[in-house]
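Trainee: Below is the structure I would like to discuss, written out as structure tokens.
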Amino acid sequence: MAENGKNCDQRRVAMNKEQYNGNFTDPSSVNEKKRRDREERQNIVLWRQPLITLQYFSLEILVILKEWTSKLWHRQSIVVSFLLLLAVLIATYYVEGAHQQYVQRIEKQFLLYAYWIGLGILSSVGLGTGLHTFLLYLGPHIASVTLAAYECNSVNFPEPPYPDQIICPDEESIEGTISLWSIISKVRIEACMWGIGTAIGELPPYFMARAARLSGAEPDDEEYQEFEEMLEHAETAQDFASRAKLAVQNLVQKVGFFGILACASIPNPLFDLAGITCGHFLVPFWTFFGATLIGKAIIKMHIQKLFVIITFSKHIVEQMVAFIGAVPGIGPSLQKPFQEYLEAQRQKLHHRSEMGTPQGENWLSWMFEKLVVVMVCYFILSIINSMAQSYAKRIQQRLNSEEKTK
């Protein structure tokens with residue numbers, strides 16, 4: 001199947017290159033035109049053309065809303081069913097009764113799962129530059145639980161306020177009772193939900209490539225176009241990036257389920273290519289999604305979780321702080337804020353944050369909060385730029401189609 005698909009792809013690419021504007025044209029001129037269009041779109045960013053970028057961004061939102069409204073209008077039965085279900089859920093939520101205790105429990109679990117799944121989707125769905133939610137949210141959460149577990153000698157943190165805030169339980173625990181497995185178990189739900197979200201976020205490239213292959217249409221996606229160019233120049237690829245992409249494509253295409261599983265089980269910035277490859281060669285949905293889910297939500301997630309837990313275990317943290325203090329000249333001044341931060345966290349865990357510690361924010365926590373704000377703002381800006389460039393591409397495609405009809 002894969003071999004026949006590859007031959008068909010090569011013939012289709014050759015035909016597209018030979019025939020342009022109804023006549024046989026030099027393929028290099030077509031590629032040059034695409035390159036100029038791409039460079040023109042890439043200049044549409046907020047810090048270069050703010051007014052045009054905001055205008056195109058607004059118009060792209062209107063176009064998307066119009067498209068979704070049209071799709072929903074043609075699926076009225078689904079919309080009505082969803083609204084009826086929503087009305088039943090709202091009534092169940094607000095009507096008083098003995099069922100409210102179960103409603104509150106379900107609401108708490110649903111919000112927890114939705115929060116971490118949503119962060120996982122944002123990490124991999126490809127909006128703008130992508131939001132690195134593991135570094136900003138899940139990683140710090142696992143690190144906080146790890147530090148608290150060693151300080152409290154327990155993972156039975158009172159709920160509430162956990163997971164919003166971690167404080168030690170009132171009962172005394174024997175020192176040394178904390179194990180690696182107990183910490184892994186404590187953060188398993190959050191980590192697995194985040195992993196499921198990252199697997200869901202990998203579906204758009206798969207569906208886009210699959211729809212393009214089945215319809216024979218050229219999709220409005222630069223990654224897919226790069227994938228086709230890579231297939232065409234596979235034998236002449238020399239640089240490392242191209243060879244790495246080809247290795248991922250060959251692994252997924254030839255090995256199948258276990259190839260997808262291998263790519264999904266390690267931190268892999270090229271995994272979007274695996275989704276495009278699977279969609280392009282019509283790999284069954286459950287083969288792709290099943291391997292991706294197992295790889296990202298179980299294997300890769302446990303690797304990342306173990307790394308964070310081991311890195312922030314008590315003796316490792318103490319060694320790192322001591323190592324910072326041993327740096328000649330600036331060591332003691334760098335070590336002090338880390339010691340103050342760790343001491344402040346210990347006081348909070350033991351309900352003593354209001355006494356015995358100086359008022360005011362530690363500069364480490366202040367810097368991390370500002371880093372999160374900056375990265376989230378940059379993520380939003382990248383989405384605005386990306387949507388503005390999408391609208392610019394619509395304009396270019398319309399102009400090109402008008403030129404062809406002349």
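In case you wondered, yes, glycine gets a Cβ from its N, Cα and C as well.
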Trainee: When you get a sec, could you say which of 115-138, 187-210 is annotated transmembrane segment by TrEMBL?
Mentor: 115-138
Trainee: Out of 46-65, 77-95, 273-294, 306-327, which stretch has the largest tally of CB pairs under 8 angstroms to the transmembrane segment (363-384)?
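Mentor: Highest pair count goes to 46-65.
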Trainee: I need to check the long-range neighbours of the transmembrane segment (46-65): which residues 6 or more away from its ends have a CB within less than 8 Å of a CB in the stretch?
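Mentor: Contacts with the transmembrane segment (46-65): 381, 384-385, 387-392, 394.
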